[in-house]
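Participant: According to TrEMBL, the protein has these features:
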- 26-141: domain 'Phospholipase A2-like central' (DOMAIN)
- Cys51-Cys140: disulfide bond (DISULFID)
- Cys53-Cys69: disulfide bond (DISULFID)
- Gly54, Gly56, Asp73: Ca(2+) binding site (BINDING)
- Cys68-Cys120: disulfide bond (DISULFID)
- His72: active site (ACT_SITE)
- Cys74-Cys147: disulfide bond (DISULFID)
- Cys75-Cys113: disulfide bond (DISULFID)
- Cys84-Cys106: disulfide bond (DISULFID)
- Cys102-Cys111: disulfide bond (DISULFID)
- Asp114: active site (ACT_SITE)
Amino acid sequence: PKSLTALNCDVTLCCYFAGEFMVHGSLFEFRKMIKQATGKSALPNYTFYGCHCGVGGKGMPKDATDWCCLHHDCCYSQLTAQRCHVITDKYHYTYRRGVITCGDWCKRNICECDKAAALCMKRNLRSYNKKYRFYSNIKCTGRKPRC
């Protein structure tokens, strides 16, 4: 089969093959950060969770974890408005003893958005609900909260 890395992955859409993500730039770092902070793999636990985790987002967030994803989307929107390439810019960070330290302005702030989301997910592990994994966005109703 053709290499999935040759495919161009859209915005936050990650290609999935043989149990591993094929992602570009900061998405790879974000996936790793989520795993380190929460102990859970981004897929299947967060990539398609609720109404705002993963590609796009609509309606009211389903729970605290879904709110983390909405805030992450808002954070990325602010950086995109500042001409940061939130999906393709790879950044570096360290994770030591539960502390995430983000290592140019855009890259540091992309990292800070991801850090805030990963730590938010960690804070809300108790309310994490498996029924929102692979949640159909058809069920996402109501007005989407403003950033």
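Cβ atoms here come from the backbone N, Cα and C positions, even for glycine.
Note that the structure is predicted; figures quoted are calculated from it, not measured.
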Participant: Which numbers of helix, strand and coil residues does DSSP report for the domain 'Phospholipase A2-like central' (26-141)?
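Facilitator: Taking each residue of the domain 'Phospholipase A2-like central' (26-141) in turn, the totals are 63 helix, 8 strand, 45 coil.
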Participant: Between Cys102 (disulfide bond) and Gly56 (Ca(2+) binding site), what C-alpha distance do you get in Å?
Facilitator: 25
Participant: Have a look at the disulfide-bonded residues Cys51, Cys53, Cys84, Cys106, Cys111 and say which one has the shortest Cα distance to Asp73 (Ca(2+) binding site).
Facilitator: Cys53
Participant: What's the CA-CA gap between Cys68 (disulfide bond) and Asp114 (active site) in angstrom, rounded?
Facilitator: 10
Participant: Just name the most isolated of the recorded positions Asp73, Asp114, going by other Cβ atoms within 10 Å of its Cβ.
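Facilitator: The recorded positions Asp73, Asp114 were compared, and Asp73 has the fewest Cβ atoms within 10 Å.
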Participant: Have a look at the recorded positions Gly56, His72, Cys120 and say which one has the shortest Cα distance to Asp114 (active site).
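Facilitator: Of all the candidates listed, His72 is nearest in space.
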Participant: Tell me the Cα distance separating Cys147 (disulfide bond) from Cys75 (disulfide bond), rounded to the nearest angstrom.
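Facilitator: With distance taken Cα to Cα, Cys147 (disulfide bond) is 8 Å from Cys75 (disulfide bond).
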Participant: Taking the Cβ of each of the disulfide-bonded residues and counting other Cβ atoms inside 10 Å, which one has the highest number: Cys53, Cys74, Cys75, Cys106, Cys147?
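Facilitator: Sorting the candidates by Cβ neighbours within 10 Å, the top entry is Cys53.
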Participant: By CA distance, which of the disulfide-bonded residues (Cys84, Cys106, Cys113) lies nearest to Cys51 (disulfide bond)?
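Facilitator: That would be Cys113, nearest by Cα distance.
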Participant: Which is it, of Cys51, Cys120: the one of these disulfide-bonded residues whose Cβ has the most other Cβ atoms within 10 Å?
Facilitator: Cys51
Participant: Do any of Cys53, Cys84, Cys106, Cys113, Cys140 (disulfide-bonded residues) have a CA within 10 A of Cys74 (disulfide bond), and if so which?
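Facilitator: Taking Cys53, Cys84, Cys106, Cys113, Cys140 one by one, the ones whose Cα falls within 10 Å of Cys74 (disulfide bond) are Cys113.
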